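What TrEMBL annotates here:
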REGION    1-34  region 'Disordered'
COMPBIAS  1-15  compositional bias 'Polar residues'
COMPBIAS  23-34  compositional bias 'Low complexity'
TRANSMEM  126-144  transmembrane segment
TRANSMEM  150-168  transmembrane segment
DOMAIN    183-247  domain 'P-type ATPase A'
TRANSMEM  345-367  transmembrane segment
TRANSMEM  402-423  transmembrane segment
BINDING   Asp471, Thr473, Asp886, Asp890  Mg(2+) binding site
BINDING   Asp471, Lys472, Thr473, Glu580, Phe621, Lys644, Arg679, Thr759, Gly760, Asp761, Arg860, Lys866, Asn889, Asp890  ATP binding site
ACT_SITE  Asp471  active site, 4-aspartylphosphate intermediate
DOMAIN    912-1152  domain 'P-type ATPase C-terminal'
TRANSMEM  948-970  transmembrane segment
TRANSMEM  976-996  transmembrane segment
TRANSMEM  1025-1049  transmembrane segment
TRANSMEM  1061-1083  transmembrane segment
TRANSMEM  1090-1116  transmembrane segment
TRANSMEM  1122-1142  transmembrane segment
Amino acid sequence: MDSNSQIEITESASQVPDFIRNSSSQRSVSPVQSIWSKTSGGRSIREVSFSELETKPVRHGSRGADSEAFSTSYKEINDDDARLIYINDPDRTDEKFEFAGNSIRTGKYSILTFLPRNLFEQFHRVAYIYFLVIAILNQLPQLAVFGRGASIMPLAFVLLVTAIKDGYEDYRRHRSDKIENSRLAWVLVNEQFQQIRWKDIRVGQIIKVSANETLPCDMVLLSTSDTTGVAYVQTTNLDGESNLKTRYAKQETQAKNPENEKISGLIKCEKPNRNIYGFQANMDIDGKRISLGPSNIILRGCELKNTEWAVGVAVYAGRETKAMLNNSGAPSKRSHLETRMNREIIFLSIFLVALCTIVSACHGVWLRRHKDELELMQFYRKKDYSGNEVEDYNYYGWGLEIFFVFLMSVIVFQIMIPISLYISMELVRVGQAFFMIQDNRMYDRASNSRFQCRALNINEDLGQIKYVFSDKTGTLTENKMEFKCASIGGIDYSNAQDSTEDGQIGNSVQGGGQVLRPKMKVKVDPELLDLSKRKHTDEGKHVCDFFIALAACNTIVPITVETSDPAVNLIDYQGESPDEQALVYAAAAYGFMLIERTSGHIVIDIHGERQRFNVLGLHEFDSDRKRMSVILGCPDKTVKVFVKGADTSMFSIINRSLHLNMLKVTETHLHTYSSKGLRTLVVGMRELSPSEFEQWQSSYELASTALMGRAALLRKVASNIENHLTILGASGIEDKLQQGVPEAIESLRTAGIKVWVLTGDKQETAISIGYSSKLLTSKMTQIVINNNSKDSCRKSLQDALLMWKKLTTDSNATPGGSRTGLNEVALIIDGTSLVYILDTDLEEQLFELASKCDVVLCCRVAPLQKARIVALIKNRTDDMTLAIGDGANDVSMIQMADVGIGISGQEGRQAVMASDFAMGQFRFLVPLLLVHGHWNYQRMSYMILYNFYRNAVFVLVLFWYVLFTSFTLTTAITDWSSVLFSVIYTSFPTIVVGILDKDLSRTSLMEHPQLYGAGQRQESYNRKLFWVTMLDTLWQSIASFFVPLLAYWGSDVDGSSLGDLWTLAVVIMVNIHLAMDVIRWYWITHAAIWGSIIATFICVMVIDVLPFLPGYWAFFHITKTALFWLCLLCIMIGALLPRFLIKVFVQYYKPTDIQIAREAEKFNTSRASQGAQIEMNEIFDSPRR
């Protein structure tokens, strides 16, 4: 997730300067502060005397709609759309609206609905409907070719296996639901708290939660054990973030005890939505209207931490809670290979219709020729003479007979469409996923996370990726921020040194035998550290204000952590933003240690002197303003607003008439920091007059209580106070590259994959990271587009295209010039330019330019722009796209791409939950694509073609037999052999090879990334290969059928015996065909292939020993002759020898990269290895299709 991370919300309860109306407020004693109260020897807090006056407690700011994927809460609501909750009156609450109960149900089925609903879902596959129709047709007496039970068995088997799998998964969901619904919670019933089951909780009821308990529903906080209404929650179960979040009860309800006094009131809030970061409501209580926001609601699934108890009122329950509304899996995506496979299935369907048409037409001709013989012919017996009257018998006329024969042909040739292929693909994908998950080379020890396969249906797409769209922060970088340097008062302080040098132990606060020390150490600049202690000089005051801003302008929560030394405790700064954590740790290292935070004040230890600042207001960061601000009541009775944010938003609100030289120098320092790859923030401040503060306070209260237009009004209030600032300085924070990122990007680019980086960081930072990650090189020609109007964007795009054409011309003019001689081109474009380009007529020009560039770097882009950039390529080419990111702002991009990958990083699990695959490090993308992706694509491609071949050869044998039996659709092969052919005889070897076979070793694929191009070029599955396979199938069917026919021509061998011979010949042939293509042999591969042949012999024998089935003892009659075994041998040689010879010829004279690399592996010599590198095809951009 990129630069300007979203920030948690706080609220002020106020002790304020004299010009603010008086109120009494309570102080909280944090765990940090309690250390000081244990002894009188500790330094006391510097208490500041304020006039205390009543102000309405404020919930400061609203979380910015930074992620368009979760922007529901920011749609303005009106009275008709509002949800009314009567506090402590669930009956009245449900009287009008009938809100959902708190019982949850994640299971899909019930006992009554399982069978119809599961069948309905399975029959969404058109192939299943096809086989159902076939089975129904076979039940009709006129069309009964196979036994009625045998015809239904393949479809029933597939449906049963899938139903068992779905049923077991749903049983586990129901069991989990039952455990969840039966948990107990304390609920206010008859003015006292009683334990009831979670599923019985109703909206409007008051609930009490104790420390370390899980919240049963979404609740608005009423009071907590902390006197100022602060509660800490951990949202790991909701979004994966382990840092504590602060939530607040309003002061109007904090002092109320539900057991001693009746609480009543009305909450008017928005309807349930998926936005876990947004909440918009008002509460009417005791004649007052109070605004409620995201900081006042705690959500189901979160845990209460560091808070003894909290009391709240249920506002969303059961399926309407935000956790349940977000409880949807990754979006369903369909494999491109399966999409192309459907095209081939259409060809096979046309071929099937053609075969049936030929048979029915020939049958019609045959009927015309033999119309005089039909009356007594054994099969037809047109007339029945057995009774007193002569009747038509078993004959329906010439037209109907042709029609019936057509339908019967469809039944006999039905396996031309391989039903077993679908279940085989599912099983193979499960096996492939298992090996990907178990791959220790994709195990991240730092986060103890393995690779996750969340979408089983697109494994093979990993082998065909052409474009990778990557986030930067947290994806290419670690998202572990370290404060490096600062520009304060126009002076650059970059000479940071380890604070542990010269015997120092870093900054700490001591007193009464207790020592508080920040958990993380930061290198400090000695000159800046010395200057920060000179509070009475102008420079010292400027530095002091800068570090106060770093320590205060955030939502960090200080948590005390005990150590092995009882005299030493550590302060752990917890917060959602790694940037904020780094800044607060930096402030602590320079002597400005944040000790305590409540809803109304903060305590900062400034070089041993603890000072209390009243938090009068706080405006959250949002994507429009790109900054945040805090209004503090300072110890000197002044009120100041401190603002920090991106330079693009800060320089427009800084008073340029003051310190103009300092401003220019700071801009220079910022450019230098960005060039080093550092993340930058600008800090400003100004003092507020009493009238300014009162105007802001009244405007804020009006805005925060508005139900319509609240977000826009709050932004306007923030903008009015955030102006005419004095610049304090700027900070530079380093976000280090993850391990192996440069090598990973280099490997991906060598593989012919285009890597685009889409980041919210400023251009200089992104370019610097581009160089350090080897995305950009010094030899690249950079095209930079930074424009502020549509016309200038149009001109820049036209100029860039002309430049590219010129580079192409120059390259071609170079003697011996080739594609590899062309200068590499990098496009760098910012979000502002994309605003004028995307969704306009300029989009096509951008696509033309970007698709020609080797690297694209997009800076300052919003989340929705990321998705549009992915769509730019996805919607205009057939190239496969992959998006990878770690934060909520990457969700739309991940869902838009063909393959979405989430990084289990520092910013929660939103990206992981929306992804198809998840992993811990960017570098794992290399083995995932180049190794597993290649294997998966090669295996699945071969398996699909093999299934087409295997079933088609069997159908063609049946077809040839029909041509020699007067087109009557009688079959020599038994019904059960036809049914079992694709279910038992030949299916298991296909699955084993699809899971285990490897055309190349991991080492070869990693050493030669260009081998990945085979998938991009669709070498393993394309239309040409399909038709070559069909021609081979035609030849093998001819050999399989006619060798036995000619061998036994004129003999007395019956049709059933020949049918057994044809069955065994085809099964042996297709399994040997498979064995010829297997590269890596394992014991299970041998068992599957040769075991299937043995199993076929056994099944044929069993079928022929059953007297109630046709062909009794036929197998034993034919196998006792030598001719039977000679026929099998001749079939194998005649059918497979041409394939073998052509395969040898092609591999010898026109080898592919894969075959060359395989030979290098086989001989394992340096000469072969070098030859492989020399002979490999160059990676070109695949032509646009």
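Every residue, even glycine, has its Cβ placed from backbone N, Cα and C.
Note that the coordinates shown come from a computational prediction; the quantities given were computed from them, not determined experimentally.
Everything TrEMBL records as a feature, shown here on the structure.
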residue: Asp471; record: Mg(2+) binding site; Cβ neighbours (10 Å): 30
residue: Thr473; record: Mg(2+) binding site; Cβ neighbours (10 Å): 30
residue: Phe621; record: ATP binding site; Cβ neighbours (10 Å): 24
residue: Arg679; record: ATP binding site; Cβ neighbours (10 Å): 26
residue: Gly760; record: ATP binding site; Cβ neighbours (10 Å): 29
residue: Arg860; record: ATP binding site; Cβ neighbours (10 Å): 23
residue: Asp886; record: Mg(2+) binding site; Cβ neighbours (10 Å): 32
residue: Asn889; record: ATP binding site; Cβ neighbours (10 Å): 31
residue: Asp890; record: Mg(2+) binding site; Cβ neighbours (10 Å): 35
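When the Cα positions of Asp471, Lys472, Thr473, Glu580, Phe621, Lys644, Arg679, Thr759, Gly760, Asp761, Arg860, Lys866, Asn889, Asp890 are compared pair by pair, the longest gap among these ATP-binding residues is 25 Å. Taking only the Cα positions, the spacing between Arg860 (ATP binding site) and Asp886 (Mg(2+) binding site) is 17 angstrom. Sorting each residue of the domain 'P-type ATPase A' (183-247) by its DSSP state yields 7 helix, 34 strand, 24 coil.
Most Cβ pairs within less than 8 Å of the transmembrane segment (1061-1083), among stretches 402-423, 1025-1049, 1122-1142, belong to 1122-1142. Beyond the ends of the transmembrane segment (402-423), by six or more residues, the same chain brings 125, 127-128, 130-131, 134, 137-138, 142-143, 145-146, 151, 154-155, 158, 161-162, 345, 348-349, 351-352, 355-357, 359-361, 363-364, 367, 396, 943-944, 947-948, 950-952, 954-955, 958-959, 962, 967-969, 971, 978, 981-983, 987 to within a C-beta distance below 8 angstroms of the stretch.
Contact between the transmembrane segment (345-367) and the transmembrane segment (150-168) is absent: fewer than three CB pairs lie under 8 Å, with pairs separated by 6 or more positions in sequence. Thr473 (Mg(2+) binding site) sits 18 Å from Phe621 (ATP binding site), counting Cα to Cα. When the Cα atoms are compared, Asp471 (Mg(2+) binding site) and Gly760 (ATP binding site) turn out to be 9 Å apart.
Using a Cβ-Cβ cut-off under 8 Å and counting only residues 6 or more beyond its ends in the same chain, the transmembrane segment (1025-1049) has close neighbours at 344, 347, 945, 948-949, 952-953, 956-957, 959-961, 964, 1058, 1061-1062, 1065-1066, 1069, 1073, 1123, 1126-1127, 1130-1131, 1134-1136, 1138-1139. The CA atom of Arg679 (ATP binding site) is located 18 Å away from the CA atom of Asp886 (Mg(2+) binding site). The list of residues near the transmembrane segment (1090-1116) in space but at least 6 beyond its ends in sequence, with Cβ under 8 angstroms from a Cβ of it, reads 974, 976-977, 980, 984-986, 988-989, 1054, 1056-1057, 1059-1060, 1063-1064, 1067-1068, 1071. When pLDDT is averaged over the domain 'P-type ATPase C-terminal' (912-1152), the result is 91.
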